[in-house]
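Enquirer: Shown below is the structure under consideration.
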Amino acid sequence: MRARLKKTVVMVGMMGAGKTAVGKALAAALHAPFLDSDAEIEKAANMTIPEIFERDGESFFRVKERQVIARLLEEKKGVLSTGGGAFLAAENRDLITSKGVSVWLNADLDLLWSRVKHKDTRPLLRVPDPLSALTKLYHDRVPIYAQADLTVVSEPGLSIDDMAERVIAALRTRPDVLEMTE
Ligand SMILES: Nc1ncnc2c1ncn2[C@@H]1O[C@H](COP(=O)(O)OP(=O)(O)O)[C@@H](O)[C@H]1O
Ligand SMILES: O=C(O)C1=C[C@@H](OP(=O)(O)O)[C@@H](O)[C@H](O)C1
Ligand SMILES: [Mg+2]
């Protein structure tokens, strides 16, 4: 069996949910292109995400994020991992829903914290109390992520490849997204 993507699969969810890692594994399993909006923004700016936040501010980053997502959704069908804030903007949600299928990687706060606490690559967590910041973002954002087309739950015992398999199982319920061929 081989699978063909008819729409771009757009990974959404909190920082540390695994959008980048699982998105990459999913794209490999589907033999589809992998795109990551943060990586594209970094490439275009020739700066890291923290550098962009520091020099130009979050609102500038959000403008770039919107432009990059619009461009990537036009360019090719594949797996697009977004940054955690992207799905918060109604304009992005509308675009993602019309051109692709959104998949929320739903991980609980403990699991997210265990994955992000040792990293300093996320400017929104470069504050005196990063756990409080993450907790607030989590509670503010969960109702919005819940609007995604599909939800895949992440659990501590699962590997990145297990998660990619779970996403494929969810996509199999959507023949308008994933076409299975012999
Ligand atoms: N089962 C898993 N699913 C997703 N990420 C995992 C898993 N196990 C370990 N990780 C690690 O957790 C981190 C998730 O971060 P990342 O993929 O960058 O998330 P996001 O892009 O959603 O912020 C990575 O370092 C990844 O290797
Ligand atoms: O949640 C957010 O607002 C952000 C998440 C990050 O991406 P990941 O979710 O891939 O870490 C990155 O876009 C930026 O630091 C802002
Ligand atoms: Mg990411």
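Each residue, glycine too, has its Cβ placed from N, Cα and C.
Pasting the feature list from TrEMBL:
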- Gly16, Ala17, Gly18, Lys19, Thr20, Ala21, Arg122: ATP binding site (BINDING)
- Thr20: Mg(2+) binding site (BINDING)
- Asp38, Arg62, Gly84, Arg141: substrate binding site (BINDING)
Enquirer: What binding-site residues among Gly16, Ala17, Gly18, Lys19, Arg122 are found with a C-alpha within 10 angstroms of that of Asp38 (substrate binding site)?
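Expert: Within 10 Å Cα-Cα: none.
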Enquirer: For ligand 2, which among the binding-site residues Ala21, Arg62, Arg141 have a CB under 6 Å from it?
Expert: none
Enquirer: Enumerate in sequence order the binding-site residues Gly18, Asp38, Arg62, Arg122, Arg141 whose Cβ-atom distance to ligand 1 is under 6 angstroms.
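Expert: Among Gly18, Asp38, Arg62, Arg122, Arg141, near ligand 1: Gly18.
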Enquirer: Give the sequence-ordered list of residues that share a chain with Thr20 (ATP binding site), lie 6 or more positions from it, and have CB atoms under 8 Å from its CB.
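Expert: Those within reach of Thr20 (ATP binding site), by Cβ under 8 Å and sequence separation of 6 or more, are Met11, Asp36, Asp38, Ala39, Ser81.
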Enquirer: Per DSSP, Arg62 (substrate binding site) is which: helix, strand or coil?
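Expert: The residue in question, Arg62 (substrate binding site), is helix (DSSP, three-state).
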Enquirer: Taking 10 A as the limit, how many CB atoms besides its own sit near the CB of Gly18 (ATP binding site)?
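Expert: Around Gly18 (ATP binding site), other Cβ atoms within 10 Å: 25.
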